[in-house]
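Read through the structure below, which is laid out as structure tokens, and then see the notes.
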Amino acid sequence: MRASLLAFSLAAAVAGGQQAGTLTAKRHPSLTWQKCTRGGCPTLNTTMVLDANWRWTHATSGSTKCYTGNKWQATLCPDGKSCAANCALDGADYTGTYGITGSGWSLTLQFVTDNVGARAYLMADDTQYQMLELLNQELWFDVDMSNIPCGLNGALYLSAMDADGGMRKYPTNKAGAKYATGYCDAQCPRDLKYINGIANVEGWTPSTNDANGIGDHGSCCSEMDIWEANKVSTAFTPHPCTTIEQHMCEGDSCGGTYSDDRYGVLCDADGCDFNSYRMGNTTFYGEGKTVDTSSKFTVVTQFIKDSAGDLAEIKAFYVQNGKVIENSQSNVDGVSGNSITQSFCKSQKTAFGDIDDFNKKGGLKQMGKALAQAMVLVMSIWDDHAANMLWLDSTYPVPKVPGAYRGSGPTTSGVPAEVDANAPNSKVAFSNIKFGHLGISPFSGGSSGTPPSNPSSSASPTSSTAKPSSTSTASNPSGTGAAHWAQCGGIGFSGPTTCPEPYTCAKDHDIYSQCV
């Protein structure tokens with residue numbers, strides 16, 4: 001992410017801790033999702049967990065806060081190790097305090113409740129994050145961006161966090177994934193209250209415009225931004241790191257948002273982004289545009305490897321109102337294509353005069369290693385105290401330079417105090433999350449790993465009627481109707497529409513129903 005997610009106001013219950021508290025009940029919101037294979041898409045009923053930095057932390061002996069405003073409590077936290085021993089991280093009122101609501105297949109994140117913003121992770125069980133291995137796979141989900149204005153970011157992305165939140169590696173971390181510890185990303189955020197089982201007390205400098213601050217240390221790891229967006233602009237961006245998994249950095253060597261040298265030793269903070277507006281198509285994404293953000297749509301992202309097994313291409317396309325919409329083509333001189341490849345990234349950096357830290361940190365090949373190794377799924381809603389989200393939806397930097405036009409938002413937009421006051425009811429809803437091998441989604445045209453009309457072959461943004469294909473190899477025991485897991489309906493479908501007992505034809509989208 002361009003700026004660390006925690007660079008914004010946290011109005012209540014903010015701090016970190018590494019002991020496990022018991023004063024507030026721990027009830028994670030539920031989320032149903034699917035992992036698909038050629039044999040079908042079994043349903044997984046799991047939960048989401050709120051990041052540790054948002055939680056109330058208090059003395060293990062009582063309810064005295066370890067962190068108030070944007071300062072550590074001096075008696076409890078004279079140094080990092082003492083603070084970790086003295087402070088407990090507690091449960092959360094997900095809906096009332098943090099605006100996180102899970103309902104079946106959907107998770108909604110509201111921007112302002114008693115708190116401002118939120119970040120949550122998909123769980124495998126009560127003590128482990130769900131780890132997704134997405135190299136040569138595709139992931140798709142529905143999203144409603146209609147209530148996310150300019151200046152906000154409703155994001156879904158991957159982080160190479162430890163599955164247990166760092167408990168095994170760092171014995172002083174007693175809270176672990178159950179309390180959502182161990183966050184990291186390619187910005188190497190230094191505003192995290194706890195890193196590697198100790199408090200980030202040393203060198204802590206309180207922020208001048210929010211309830212955070214920065215310490216001497218940051219937490220780095222590879223990051224894949226699948227979806228960063230509001231109803232004005234969107235971008236998808238790989239961020240490789242030379243060391244894939246979570247690791248701690250120190251001072252300006254961290255790079256990223258909070259360091260004097262943005263281009264640190266470990267991670268590519270800028271990444272290689274595909275933002276349709278930035279790439280010259282100003283009519284592709286937004287309210288009333290080709291991808292119309294006034295209503296819900298599906299995002300499909302494919303991570304395609306080459307014959308050597310390395311990540312070679314990241315493709316994205318969309319589905320709305322029964323149509324597959326290919327990603328827009330670049331209209332920038334010297335940059336071609338509508339997907340992220342190594343050549344696209346090199347050409348883009350040259351055309352815009354950007355520092356090519358992406359290639360220096362290993363490029364797509366290094367990003368592919370992280371995807372193969374498995375990453376944690378993250379969902380968030382946030383505003384940006386570092387750059388007012390201009391890097392996503394406005395002109396950035398100012399004055400104008402090549403590649404600075406990123407969205408139609410005014411350069412005066414995104415000021416957190418104004419966004420908080422004027423758009424408190426903003427929310428993003430992610431739903432119907434699924435992943436599996438290339439071609440498994442009903443929108444991607446079978447095993448080829450591309451949508452029915454190849455995005456790379458189109459000279460301009462187009463849309464076409466979807467051609468869903470059955471991925472089932474199951475047989476139909478009764479000899480009539482569709483087989484178990486096979487397609488049984490959808491726009492343009494002419495096959496059997498009944499299912500053998502005890503299965504029923506369940507609608508997944510307007511263009512696809514399946515015997516389940």
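Cβ atoms are placed via backbone N, Cα and C, with glycine included.
According to Swiss-Prot, the feature active site, nucleophile maps to Glu223. Around Glu223 (active site, nucleophile), taking its Cβ as the centre, 27 other Cβ atoms fall within 10 Å, counting all chains.
Here Swiss-Prot flags Glu228 as active site, proton donor, drawing on similarity to another entry.
Annotation comment: Swiss-Prot describes 449-481 as compositional bias 'Low complexity'.
The disulfide bond annotation in Swiss-Prot covers Cys488-Cys505 (among others). Cβ neighbour count for Cys488 (disulfide bond): 25 (other Cβ atoms within 10 Å of its Cβ, all protein chains included).
All protein chains shown were included, and the count of other CB atoms within 10 Å of the CB of Cys515 (disulfide bond) stands at 26. Annotated disulfide bond per Swiss-Prot: Cys499-Cys515 (among others), in sequence order.
Marked as domain 'CBM1' by Swiss-Prot: 480-516.
Taken from Swiss-Prot, the feature N-linked glycosylation site covers Asn45 (among others). Within the same chain, the residues at least 6 positions away from Asn45 (N-linked glycosylation site) whose Cβ sits under 8 Å from its Cβ are Ser30, Thr32, listed in sequence order. According to DSSP, Asn45 (N-linked glycosylation site) sits within a strand segment.
A coil conformation is recorded for Asn281 (N-linked glycosylation site) in the three-state DSSP classification, outside any helix or strand. Feature annotation from Swiss-Prot assigns N-linked glycosylation site to Asn281 (among others).
Per Swiss-Prot, region 'Catalytic' is recorded for 18-445.
Look at Swiss-Prot and you will find 444-481 tagged as region 'Disordered'.
Mean pLDDT for the region 'Linker' (446-480) in this predicted model: 38. According to Swiss-Prot, the region 'Linker' annotation covers 446-480.
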Quick check for the class: what is the C-alpha distance, in angstrom and rounded, between Cys515 (disulfide bond) and Asn281 (N-linked glycosylation site)?
40
Between the disulfide-bonded residues Cys499, Cys505, where is the Cβ count within 10 Å the lowest?
Cys505
Report, in whole Å, the straight Cα-to-Cα distance of Asn281 (N-linked glycosylation site) from Glu228 (active site, proton donor).
17
To the nearest Å, how far is the Cα of Cys505 (disulfide bond) from the Cα of Asn281 (N-linked glycosylation site)?
39
